[in-house]
Amino acid sequence: MAEIVIIMGSESDRPHAEKISTALKAEGYAKPVGIHVASAHKQPRDVLKVLEKNAGRKVVYITIAGRSNALSGFVAGNCDAPVIACPPFSDKLDMLVNINSTLQMPSRVPVLTVLDPANAALGAMRIIALDDLDEQKKRDRQDGQVKQKSCEETSCAE
């Protein structure tokens, strides 16, 4: 089964990483999540070490970096694993000012951007489920339960 690895640009991103980790646990992801601090600007060799450690393994990376988000593109450009960027914006103004560094990547550097930490976790789990029948079944059950609960709350079950 594939693993999820979170790479943060700085230690100040840890609360955002914890939101993702908490969401993974709430969704039933049982494997340990690797969480690393490595800035593409300040410690690019450390980022490469994380990628080298996971080379040849099935991994989904979730990157957390604000401001000038070089981390997500650096990771995507140096590995062949899926990369989900989940930038930690402090407020709407921060998002409006800094979102483009996450959205605009060079050609052939695919980075998926998900702003909500819980949705980044769920997206990573769905990518993993593409290659794991047990995980697919678990996801289908959980998605069905959520839809059923929502339908019951809105009386659409009839």
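Heads up, the Cβ atoms here are built off N, Cα and C, so glycines get one too.
Curation plays no part in TrEMBL annotations; they are all automatic predictions.
Features of the protein shown, as given by TrEMBL:
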- 2-149: domain 'PurE' (DOMAIN)
- Ser10, Asp13, Ser39, Lys42, Gly66, Ser68: substrate binding site (BINDING)
- 136-158: region 'Disordered' (REGION)
- 136-152: compositional bias 'Basic and acidic residues' (COMPBIAS)
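Features recorded in TrEMBL, as mapped to the structure shown.
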| residue | record | Cβ neighbours (10 Å) |
| --- | --- | --- |
| Ser10 | substrate binding site | 18 |
| Asp13 | substrate binding site | 23 |
| Ser39 | substrate binding site | 18 |
| Lys42 | substrate binding site | 10 |
| Gly66 | substrate binding site | 22 |
| Ser68 | substrate binding site | 13 |
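Apart from the site residues Ser10, Asp13, Ser39, Lys42, Gly66, Ser68, the chain places the Cβ of Met8, Gly9, Ser12, Ala40, His41, Ala65, Arg67, Leu71 no farther than 8 Å from the centroid of the site's Cβ atoms, the recorded substrate location. Helix, strand and coil residue tallies for the domain 'PurE' (2-149), in that order: 76 helix, 21 strand, 51 coil [DSSP].
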